[in-house]
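Since the structure comes first, as structure tokens, the remarks are kept for the end.
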Amino acid sequence: MLKEFEIEPLLKDKVPHQTKAVVAMSGGVDSSVAAVLLHRLGYQVIGVTLQLYGADGNSNTRKKGVCCAGQDIYDAKRVAEGTGFPHYILNYEEIFKKEVIESFAQTYIQGKTPIPCIKCNQTVKFRDLLQVTRNLGADVLITGHYVRRLEKNGEVKLCRGIDKSKDQSYFLFATTKEQLKLLRFPLGGFYKCNVRKLARYFSLPISEKPDSQDICFVSENYSKTIAKLAPQSIQKGKIVDVNGKVLGEHNGIVNFTVGQRKGLGIAYSEPLYVVRINTKNNEIVVGPVNALMQRKILVKELNWLEQPKKGMEVTVKLRSLHSGSLAKIYPAKEQNKAYVILNDDYFSISPGQACVAYKDEQVIGGGWICS
């Protein structure tokens, strides 16, 4: 059966048994299959799992659909021990709290909609795990992400995964060229259903484990999590229309996101949506659907894997499930910012989300939406 799952050699100048590979193991099916597959192919596999929260017993260790705590750490260790390769657990709770959880809360307090999974990949999982990889004297860092790394004539490209329903390239736009030198994604050329089959073929105890879905550290809902982290942020304020007319009262801006319709708590003659969040005045601004249609986007903190030319035509994704919109990219006057001009109006562009640009299957790069 392994012949059906051929992968490119991890290194062109080393055979498998000479190649040391650190595998980031979350305790889920994907990273477990990646680790066991490489072990079966003869690579020197070292499993590493980061404990990101829950050591104090007060966090989300038993919630289903999350990763990197409690049962998931046990599952990763069980897979490694059952297969016969070393496995290490590293406590990264303090770093995760600072880089991801506190950033998540602060972004909401600023009236934006964060994506903590991108921040986690950008910092803890890639920046820090790549350093662990170097410290262990390993050649490559492996993850179970559904993306592809293509290399030709010394140029490395990051591309969408073959399985479009599982493609995770949007979440990896902040990956740098330097990081791609050591990163490998062996599952990018597979469909998830076949990865499940491989897990069963390997008789892995987690073969039927459901995919992680939720924000791992949010135990109930995000506003309650933020209230615990920053209770001072939960302050009542006004709900106003686009002309400034007071329509009602809100119980804290962290309970609202741009584009939200439900839960506004006001009656009106037509459907109203959150158009913007005015943190300075602690106001929620609402309006009709056409007030949320937008074509021009300002993007900051850019990371380009291929530097776009002025006016370059691309496809952009403005949220993870967005199928993509045609657009052109132009440099902004401010450093490390750019304007993305969509061909057509788009509904509800949320500050704090990522704007990721593609050229066909290749990830060109992206940044964070300002406005």
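The backbone N, Cα and C atoms fix where each Cβ goes, glycine too.
In Swiss-Prot this protein carries:
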BINDING   Ala24, Met25, Ser26, Gly27, Gly28, Val29, Asp30, Ser31, Leu50, Gly144  ATP binding site
ACT_SITE  Cys120  active site, nucleophile
DISULFID  Cys120-Cys216  disulfide bond
SITE      His145  site 'Interaction with tRNA'
ACT_SITE  Cys216  active site, cysteine persulfide intermediate
SITE      Gln353  site 'Interaction with tRNA'
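Residues Ala24, Met25, Ser26, Gly27, Gly28, Val29, Asp30, Ser31, Leu50, Gly144, recorded as binding ATP, reach a greatest CA to CA spacing of 16 Å. In this view, Cys216 (disulfide bond) is surrounded by 26 other Cβ atoms within 10 Å of its Cβ, with every protein chain counted. With respect to their backbone Cα atoms, Asp30 (ATP binding site) and Cys120 (active site, nucleophile) stand 18 Å from each other. In space, His145 is the closest of the recorded positions Cys120, His145, Cys216, Gln353 to Ala24 (ATP binding site), judged by Cα positions. Here the C-alpha separation of Cys120 (active site, nucleophile) and Cys216 (disulfide bond) works out to 11 Å. The distance from the Cα of Ser26 (ATP binding site) to the Cα of Gln353 (site 'Interaction with tRNA') comes to 24 Å. Here the C-alpha separation of Leu50 (ATP binding site) and Cys216 (disulfide bond) works out to 13 Å. When the Cα atoms are compared, Gly28 (ATP binding site) and Cys216 (disulfide bond) turn out to be 13 Å apart. Of the recorded residues, His145 (site 'Interaction with tRNA') and Cys216 (disulfide bond) place their C-alpha atoms 17 Å from one another.
Put simply, Gln353 (site 'Interaction with tRNA') is 18 Å from Cys216 (disulfide bond) when counted between their Cα atoms.
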